[in-house]
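Asker: Checked TrEMBL, it gives:
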| type | residues | note |
| --- | --- | --- |
| REGION | 12-37 | region 'Disordered' |
| COMPBIAS | 13-28 | compositional bias 'Low complexity' |
| REPEAT | 73-107 | repeat 'PPR' |
| REPEAT | 139-173 | repeat 'PPR' |
| REPEAT | 237-271 | repeat 'PPR' |
| REPEAT | 305-335 | repeat 'PPR' |
| REPEAT | 336-370 | repeat 'PPR' |
| REPEAT | 473-507 | repeat 'PPR' |
| DOMAIN | 551-637 | domain 'DYW' |
Amino acid sequence: MKTVSAKLKHVRTSLSSLSSRPYSPTPLASHAKPGNPSSSTLLDEFVSLCYQRDLPRAMKAMAAMERHGIYADSITYSELIKCCLARNAVEQGRLVHKHVSSNGYQPKTFLLNILISMYVKFKLLQEAQAVFDQMPERNVVSWTTMISGYANVGLSDKALEFFVLMLREGVLPNMFTFSSILRACNEISNLKQLHCGIIKVGLESDVFVRSALIDVYSKLDELRDAICVFNEMETKDLVVWNSIIGGLAQNSDGDEALNQFKRMKRAGFTADQATLTSVLRACTGLALLEVGRQVHVHVLKFDVDLILNNALLDMYCKSGSLEDAKSLFKKIVHKDVISWSTMIAGLAQNGFSQEALKLFDLMKASGTKPNYITIIGVLFACSHAGLVDDGMFYFRSMKRLYGIDPGREHYGCVIDLLGRAGKLDEAMNLIQEMECEPDAVTWRTLLGACRVHRNVDLAIYVAKKVLKLDPEDAGTYVLLSNIYANSQRWEDVTEIRRQMRERGITKEPGCSWIEVNKQIHAFILGDTAHPKINIINRRLNQLIHKLMGIGYVPDTNFVLQDLEGEQRDDSLWYHSEKLAIVFGLMSSSSGSAIRIRKNLRICGDCHTFAKLVAKMECRLIVIRDPVRYHHFQNGQVMSYDDEFEFHSNYKCRYKFPLEEDSLSNHKIRFAQQYTLAKRGRERRTKEHPRVV
């Protein structure tokens, strides 16, 4: 161990001395005759041009030097290579490589490493490896540069192969090597082995290595290990804090991400752009509009930052606050494709499809080229506005006009578009045209349309396709059972229910959240655990009877059809979003908006209920489900009324890649706890209060 430590110390010393060498323009080699004044003048001119970053004149001077057999020092050539990289001058970089390899000149290891780095940054990995293979001596920088190059382009196996070869050559990895190779880990087994190796060489406390470990554990959804690595570090810096906050936010554990952010602030660290981007992502996932607005105040302290502005824009769109989103979008002077795509998707998901399509026209007029995500937003808008011809045009021309190959998400949008229009045969044909194999989400999209348009035979066929791909999909079982019940096929209903019992499949309980006075209150179907549940139920009953007086009738198509009439009514009355709406009415001032998030699609009955309550109470009610945002105000629905026609247990058919729809861990535990309670376990415990 002493030998390893000594060797590690030697590597660190070597790296330190290498990085601290002065950039002296003194020539290291020259084949010209000594005392030749023209050679000295030419060399001095070349050195001066390299440091001035005058690439055209420096290249001419280098050509003249080559004719005279004159060579500069490695540091000067490194400056010239930096100039090539800054201007993305690939051919000039190749000429520099050719020059330093001509006339028997032997470049130093330092210069060869610079050349390898140049080719890696140009993404010319074959040429980088050619230089690497011809090196008489390779040091840790040589190996690390190649490993980093392969890791950066996603060639993980190649990066790991080079790492193993490096160890066999007896070269000891340093903190930069481990930071690079960790990015190439796609399997937990490889990560565990590397983590052990890091501990063996004593680099586990290095900030960059520990930060990389946290990032990779988070990427592999091993949050417990990521938190352990974080907690083991006695002295934390901003880089490590950013890693853990970012990892938690990316894995939809927004609550813990916000808790770590508070801890970071208490520890005396000031948030930077990376911190705030992750915190905004956490707010987006939890739909915490008020917290997001507080983060916006911190964002204003920085100069104009497009990444932060895009994160803010996404947060406002996905919190249902389009006025804030539109205001921010107008203030972004230099918009990129992410800015445009986020706003287009936000408008479409919030029910403003026509505005989304107009914005798409403005985007094209601005010269910004749409990308994969942009077209998803456009097709989503067409689908929910019923614009079949426009949607089919964009879908059929996306490859020709924008060079974008249709993916599953695009097919899903168009199948949804055709299904809503009742063109079920065309939707079926499109599924058969798909280049990739249709997944359960694709079939489930068509199944929802079959239910709406009462095509029983096709619905049964499609439902079987879904269950073949996803045998645990409770929503499809419930829908198929209801289809059989409506057709009086009671033997088939019995068979479906038997299969559900045998496989232990139960419908996932609906869960809704509402933020009141900086606290998140959670409700589930038939909730009895909330401290004010009795008052809420009493107020809900009063409200429902009041709505019935103006024509409201519970729509029992969204519960199992073989339940008795009163049972069906009761199960509808206490849906989680109804409880959340009533609690919002009780807890907020008159006229203020009520914003709710739920884990399942909103059902038709709750859609009608929210619309009538919004009119009766003169409130804006925004309900965010896994697919879109439903705005209810003055009896008007900003999102289209056909939304409710798709089964409430259906999760998102397709998601925007920027979407954060998964529930945070404590909320999943709420739903799991409820399921256990239905099986006879205790329904309320002190360890899991409903107010979080």
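Every residue, even glycine, has its Cβ placed from backbone N, Cα and C.
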Asker: Excluding the flanking five residues on each side, which residues at least 6 beyond the ends of the repeat 'PPR' (336-370) place their CB within less than 8 Å of a CB in that stretch?
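Answerer: Those are 306, 309-310, 313-314, 316-318, 320, 322, 325-326, 329, 376-378, 380-382, 384-385, 387, 390, 402, 404, 627-631, 637-640, 656, 658, in sequence order.
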Asker: How do the residues of the repeat 'PPR' (305-335) split into helix, strand and coil according to DSSP?
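Answerer: Secondary-structure composition of the repeat 'PPR' (305-335): 23 helix, 0 strand, 8 coil.
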Asker: I'm checking region-level scores; what's the whole-number mean pLDDT for the repeat 'PPR' (305-335)?
Answerer: 92
